[in-house]
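Asker: One structure, pasted below without further comment.
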Amino acid sequence: MATEEKKPETEAARAQPTPSSSATQSKPTPVKPNYALKFTLAGHTKAVSSVKFSPNGEWLASSSADKLIKIWGAYDGKFEKTISGHKLGISDVAWSSDSNLLVSASDDKTLKIWDVSSGKCLKTLKGHSNYVFCCNFNPQSNLIVSGSFDESVRIWDVKTGKCLKTLPAHSDPVSAVHFNRDGSLIVSSSYDGLCRIWDTASGQCLKTLIDDDNPPVSFVKFSPNGKYILAATLDNTLKLWDYSKGKCLKTYTGHKNEKYCIFANFSVTGGKWIVSGSEDNLVYIWNLQTKEIVQKLQGHTDVVISTACHPTENIIASAALENDKTIKLWKSDC
């Protein structure tokens, strides 16, 4: 169920974009975004764990400790369907590039591949010996990468559901896995304090990123252009790395993150922002270049565990834990 936020007249009028006299091709990042709450999506009966927009921009998928995946309209928050089949809670969900398939990672030690339109489970991926915590398709969507509390990273064949490679990746639970934009590399992060870059084809570790300190790494992903890595650590810090040089370029702070694996994002549809949830129940938005906090979104009543940025519009989805259980859709003019 989506409830819509009603705006006072004056604010709605003020939110109309004004025509710009100098509409140049490459716009500099605006000073600040103005994300406002548009819809609250209620339906999950336990903590929400992950939210992801479909690559075609039509849908939002959510996963939860209630063992369910729910599909919602990306623009209006309208509930579309529930997808069920896992025996225990789900920690992550991810879309295929054509927006037709989903993969989910569950505490039942399996991943499942789903046909979204029918809601049917096409394959169950078995092999991990502990909770599966994170998953992603490669851009070609013929492979899936998963990370588990069994400390391994696995690469799976989408068509057959067979495990192609098991990487003895880390010495603690794996918190995130992500392919770069051509699918040639995988990045993984772990509570062992490391980020590792893997060659997809060979399964070889190409690079290990180590900071001076080594707090648990709770999330990692490649930037859209594939040159950088965004990594979250459980010392209330997000860092942007040039991984080829092994150098930290930017540090983003001000939020609270010491306990949970909170997703972070690059927002690139308008201004260039970094977006993350936080343990103080807020969504934080930073200017990517200047590292300053440009907006904090208030409304959730528990830890904001997951945020997602729409592929083409200035829309953020956020999701929160057990005391809240809702998903919120926020929109900005820039």
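Any Cβ shown, glycine's included, is placed from N, Cα and C.
Marked as region 'Disordered' by Swiss-Prot: 1-31. Summarising the annotation, Swiss-Prot assigns compositional bias 'Basic and acidic residues' to 1-12. For ALA2, the entry in Swiss-Prot reads N-acetylalanine. Marked as compositional bias 'Polar residues' by Swiss-Prot: 17-28. Residues or ranges marked as repeat 'WD 1' in Swiss-Prot: 43-82. Here Swiss-Prot flags 85-126 as repeat 'WD 2'. Sequence annotations record features per position, and here Swiss-Prot assigns N6-acetyllysine to LYS112 based on a large-scale study or a structure entry. Feature annotation from Swiss-Prot assigns repeat 'WD 3' to 128-168. What Swiss-Prot lists as repeat 'WD 4' is 169-208. According to Swiss-Prot, the feature repeat 'WD 5' maps to 212-253. Sequence annotations record features per position, and here Swiss-Prot assigns repeat 'WD 6' to 256-296. Per Swiss-Prot, the feature repeat 'WD 7' maps to 299-333.
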Asker: Rounded to a whole angstrom, what is the C-alpha distance between ALA2 (N-acetylalanine) and LYS112 (N6-acetyllysine)?
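Answerer: With distance taken Cα to Cα, LYS112 (N6-acetyllysine) is 27 Å from ALA2 (N-acetylalanine).
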Asker: Using Cβ atoms and a strict cutoff of less than 8 Å, what residues sit near the repeat 'WD 1' (43-82) while being 6 or more residues removed from its termini?
Answerer: 1-2, 4, 88-99, 102, 104, 106, 114, 116, 119, 263, 302, 305-313, 315, 317-322, 324-327, 329
Asker: What count of other C-beta atoms do you get within 10 angstroms of the C-beta of ALA2 (N-acetylalanine), across all chains shown?
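Answerer: Looking across every protein chain shown, the total is 19.
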Asker: Can you break down the repeat 'WD 7' (299-333) into helix, strand and coil residue counts using DSSP?
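Answerer: Counting residues by DSSP class gives 0 helix, 17 strand, 18 coil.
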Asker: Going along the chain, which residues six or more apart from LYS112 (N6-acetyllysine) have their CB under 8 A from its CB?
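Answerer: Same-chain residues close to LYS112 (N6-acetyllysine) (Cβ under 8 Å, separated by 6 or more) are GLY85, HIS86, VAL103, SER104, SER106, CYS121, LYS123, THR124, LEU125.
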